[in-house]
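Colleague: Quick one: structure below, then a few questions.
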Amino acid sequence: MAVKGDDVKWKGIPMKYIALVLLTVQNSALILTLNYSRIMPGYDDKRYFTSTAVLLNELIKLVVCFSVGYHQFRKNVGKEAKLRAFLPQIFGGDSWKLAIPAFLYTCQNNLQYVAAGNLTAASFQVTYQLKILTTAIFSILLLHRRLGPMKWFSLFLLTGGIAIVQLQNLNSDDQMSAGPMNPVTGFSAVLVACLISGLAGVYFEKVLKDTNPSLWVRNVQLSFFSLFPCLFTILMKDYHNIAENGFFFGYNSIVWLAILLQAGGGIIVALCVAFADNIMKNFSTSISIIISSLASVYLMDFKISLTFLIGVMLVIAATFLYTKPESKPSPSRGTYIPMTTQDAAAKDVDHKH
């Protein structure tokens with residue numbers, strides 16, 4: 001059954017708003033630390049292997065989600081419940097469904113590193129906002145969700161606002177890179193990552209809202225199945241370098257912070273798609289880019305211009321338009337009877353019929 005974000009509250013605050021705020025803060029910190037970990041002075045010849053970072057990210061999520069899921073299981077069944085009674089919930093039933101988004105998310109994470117290594121930060125962030133539109137398209141195709149003209153307009157408005165904000169960075173970005181840049185490779189990687197992001201996010205949302213296993217069990221399954229493509233990437237891409245230099249080559253406190261933030265983001269994203277929806281998650285992520293730009297004023301001598309202010313206003317306007325409640329359909333148009341629990345979930349989220 002679908003869980004409405006307004007029904008679940010923490011100290012009177014709907015969980016969907018708490019999750020979205022957490023995601024915004026997490027993304028803001030992640031963008032700054034991840035970028036700095038790749039351009040940190042003094043580490044030009046000691047860059048960490050990104051495939052190892054992706055694997056550690058999934059391992060951390062696996063441990064955290066398994067611990068919380070097992071704790072909830074014992075709370076519901078009884079503290080005398082054994083671990084072997086919990087394992088069938090993870091590896092039984094329809095757990096195989098999570099192998100699909102697990103593979104997609106692993107590809108997306110690795111493509112992000114490829115894009116970031118071949119594009120300036122601004123170019124990468126601008127192009128990556130296409131995931132908002134791909135998410136909306138896949139929501140329509142897979143969830144049969146309807147978006148009104150105003151919401152479509154807000155999606156394009158948001159994309160334009162983010163583009164304006166980030167384009168001004170093209171003249172101020174430090175041209176630091178771990179190696180030679182190839183714009184064609186970078187743009188190709190980010191475009192494919194946007195398609196994968198939209199498909200994986202919506203598919204995961206459908207699995208979460210259309211089945212019975214808890215959020216934490218689903219995250220355990222997702223992280224577990226992600227380990228296989230992560231290990232395959234390490235073997236195919238960085239095995240010889242890791243064998244020569246070690247698994248943790250180039251690691252420092254900033255790298256670990258970036259990994260922890262990315263792992264925490266995966267958990268927060270799951271909360272967002274459980275209590276809100278995937279497009280709202282993308283709005284939160286986009287707003288966090290603006291916050292990161294503001295933080296760059298103090299950290300990287302970023303200068304606010306009129307262009308930046310115009311972009312901020314467009315993003316705020318787009319967010320207002322998307323979250324504005326739509327008028328309910330007239331009773332004379334008939335009553336929609338959902339045929340599946342997913343139809344009911346879509347109706348709960350978007351108030352469609």
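Yeah, the Cβs are placed from backbone N, Cα and C, and that goes for glycine too.
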Colleague: Which of these ranges is annotated transmembrane segment in Swiss-Prot: 6-26, 111-131, 279-299?
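Modeller: Checked against Swiss-Prot: transmembrane segment maps to 279-299.
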Colleague: Quick check: do the transmembrane segment (147-167) and the transmembrane segment (215-235) share at least 3 Cβ pairs under 8 Å, counting only pairs 6+ apart in sequence?
Modeller: no
